[in-house]
Amino acid sequence: MKALKLVAIGLISILALNASAQQKKYVMVIHGGAGTILKKNMTPEKEAAYIAALTAALKAGYADIKAGKTSLDAVETTIHVLENDPHFNAGKGAVFTHDGRNELDAAIMDGKTLMAGSVTGVTTIKNPISAARAVMEKSEHVMMFGDGADKFAKEVGLEIVNPKYFWTKERWDGLQDAIKQDSTKAVLDHGSKKSSLLGTINHDYKFGTVGCVALDQNGNLAAGTSTGGMTNKKYGRVGDAPIIGAGTYCNNETAGISCTGWGEYYIRNVVAKTISDLMEYKGLSVADASKIVLDKVGKMGGDGGLIALDRKGNVAMPFNTEGMYRGTVTADGKIEVNIYK
């Protein structure tokens with residue numbers, strides 16, 4: 001009988017080890033926006049383009065992690081790829097303000113040190129995520145805005161472009177449609193299931209933001225977010241993306257979080273920091289904390305989603321819209337990309 005008990009214990013131990021070995025450890029998660037993204041509205045060509053872009057971003061960031069670079073490096077590299085791709089509302093694909101300008105926002109945070117940097121309302125910085133990192137590492141500040149942030153980026157040697165670089169026909173047409181429908185309101189690149197302004201604006205109706213959370217070989221997390229904001233926005237509007245704690249937050253003790261959606265609701269709920277706090281003070285898992293906070297956003301009327309990654313490699317990607325451009329890569333390099341529910 002004793003021998004049988006020992007055998008049983010041994011089998012249980014083996015099964016537990018196998019289960020642990022099979023558990024995926026994620027080292028990176030990304031998003032490219034959330035919204036009413038329906039397969040019936042997506043052409044095969046456009047779907048393939050989004051999948052290719054998300055895959056390319058994950059490959060670029062994973063190469064940094066595999067090479068032993070920091071999670072900050074991986075986040076910056078990954079978001080560069082998304083900022084340079086006109087399919088996404090960040091960098092080259094940014095939407096237009098009511099005045100026909102592209103005003104860009106970005107934020108980045110180091111989970112090890114809790115240092116952070118962000119820029120908002122910039123118009124000449126090719127890759128705003130790099131400007132956010134420069135604010136964090138090369139200044140005494142956390143946030144810079146407008147012309148001052150553009151000037152700072154030039155002083156520290158970042159690539160500066162003519163504002164015309166950000167112009168794309170799809171985004172310009174979206175602005176014209178928004179102005180025709182209601183010149184006094186802004187539309188979230190996009191659309192919302194509660195909005196009467198959908199019309200023909202950007203037929204996949206995504207909430208335009210890109211983001212990344214990475215976990216490096218030293219166990220350090222970093223998170224970053226970049227966006228062009230709202231189509232037809234006016235009067236200096238700033239969303240959640242560049243606000244540390246609202247759209248972006250990272251702490252090695254909890255998780256890295258990047259949000260996408262209706263920014264005003266994310267600001268009011270301090271979404272990213274609240275997820276971290278639920279994990280730190282209540283001991284919730286990254287999945288449970290993310291769900292609780294996003295559910296609250298939804299009950300208030302906010303649409304969108306978020307990505308979160310903890311230091312153990314557990315990931316959460318909840319959203320309350322019809323879809324969210326998203327992808328993950330595991331420690332062994334396996335990439336998975338999804339768009340729809």
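Just so you know, glycine gets a Cβ as well, placed from its N, Cα and C.
Here is what TrEMBL says about this protein:
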| type | residues | note |
| --- | --- | --- |
| ACT_SITE | T209 | active site, nucleophile |
| BINDING | R237, V238, G239, D240, T260, G261, W262, G263 | substrate binding site |
| SIGNAL | 1-21 | signal peptide |
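Annotated features, which come from TrEMBL, shown on the structure.
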residue	record	CB count, 10 Å
T209	active site, nucleophile	37
R237	substrate binding site	17
V238	substrate binding site	19
G239	substrate binding site	27
D240	substrate binding site	29
T260	substrate binding site	33
G261	substrate binding site	31
W262	substrate binding site	26
G263	substrate binding site	28
Rounded Cα-Cα span from T209 (active site, nucleophile) to G239 (substrate binding site), Å: 10
G263 (substrate binding site) in three-state DSSP notation: helix
Those binding-site residues of R237, V238, T260, G261 having Cα within 10 angstroms of the residue listed as 'active site, nucleophile': T260, G261
Cα-Cα distance maximum in Å, computed over every pair in R237, V238, G239, D240, T260, G261, W262, G263 that the record assigns to substrate: 16
Mapped DSSP class for G239 (substrate binding site), helix or strand or coil: coil
